[in-house]
Amino acid sequence: DEQKRLLKHRPDQPPQPRVLRIAIIGAPNAGKSTLCNQLLGRKVFPVSKKVHTTRCKARGVITHEDTQLIILDTPGLTNPLKAKRHNLDEAMLTDPWDSMKHADLVLVLVDVSDHWTRNSLSKEVLRCLSQFPHIPSVLVLNKVDVLKKKFLLLEIATDLTEGIVNGRKLEVKSSPKQDSRSSVKLPLHPTEASPPESKAPGSPFGQEKNQAQEGSGLDKSSGAGGAGTGEGPEHHGAKDLKDVKGWPHFQEIFMLAALRGEEVDTLKRYLLMQAKPGPWEFHSDILTSQSPQEICDNIIREKLLEYLPLEVPYGVTQVTDVWEEGECGELLIVQSLLVPRESHKRMLIGRGGRVISRIAQEAGQDLMNAFLCEIRLKLKVQVKG
């Protein structure tokens, strides 16, 4: 009830509010929700090693002094074939595009630990960027702590940017040997400005270097532009993306390890500095646009994805039977997990009830951290119909 009241409540903004709407896009399982949770400081978005953990767009809200950052956590960009394979809703295809339409800045997240995909942006990401070239974009290389050969980050950054960042060509200069634990501060330097056509339309350049970019490895930054007005995924523009690997219009590169929180504060400071004058959308006490029930469903589903094999968790339907506050202020939640087959029920329960007990225990702990109160979570497993 308090969450509903605050969501309807008029934002308690200061006299001169600033705001920035940030869309985070990338391939499935790149670490978008993990990054969102780290930026927020609390776990409110589901995280799993399985793809398509995030099933809908949800907003995270960071309010710092006079500035409000609105983070649009979106499903991983996918295509109709993959969506059909994982039995995904139509929203999984359209939500990332809808988020781009409302964004002032886009973060493109790339998992550098995946050697199959790290040297080129996915076609879905490239289509998204080419559809909204007027929205300032920033490249974020994630999971750099997993990469043992740090010099590969230079090659990856060059490939993903086509050697151009903020309208300038990147040049690798020799420098003292980097600490193997360091996730950033690599010797990337912009050189002579490239021809005007290499800049994204409408992208402002030339602001002074600020403290927030110490870890980005680049000299220049620029402000975020206005919200986009693209038409949707069916319009990809005239440019043929078949042989394109990177995007030459990124304004910055950040290298971090979202799971461990390395250099996340550097990115957060940068985002706060890109905010522009504008009205807040949420009350300062709001952390996410999700309802408590949605947070609960997502956290339980995260555990289902973690402990069930193959496609099994994607067929589970969650039904909340009880949601009530106990005498001592604890929250009692009873949820039924409906599965299509008896064999799935046995897998979900596990030998001696071990699997379902572990899911309930871990989900209950995450819910306590999210809601900051005692949680009594009970899960029941039934076959549909």
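In case you wondered, yes, glycine gets a Cβ from its N, Cα and C as well.
The model shown is predicted, which means the values in this text are computed figures rather than measured ones.
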Among ranges 13-16, 73-76, 289-292, whichever one TrEMBL labels region 'G3': 73-76
Annotated range (TrEMBL: region 'G2') out of 2-6, 52-56, 62-66, 82-86: 52-56
Correct range for region 'G4' (source TrEMBL, candidates 94-97, 142-145, 278-281, 382-385): 142-145
Among 26-33, 114-121, 130-137, indicate the range for which TrEMBL gives the feature region 'G1'. 26-33
Average model confidence [pLDDT] within the region 'G3' (73-76): 61
Helix, strand and coil residues within the region 'G4' (142-145) as assigned by DSSP: 0 helix, 1 strand, 3 coil
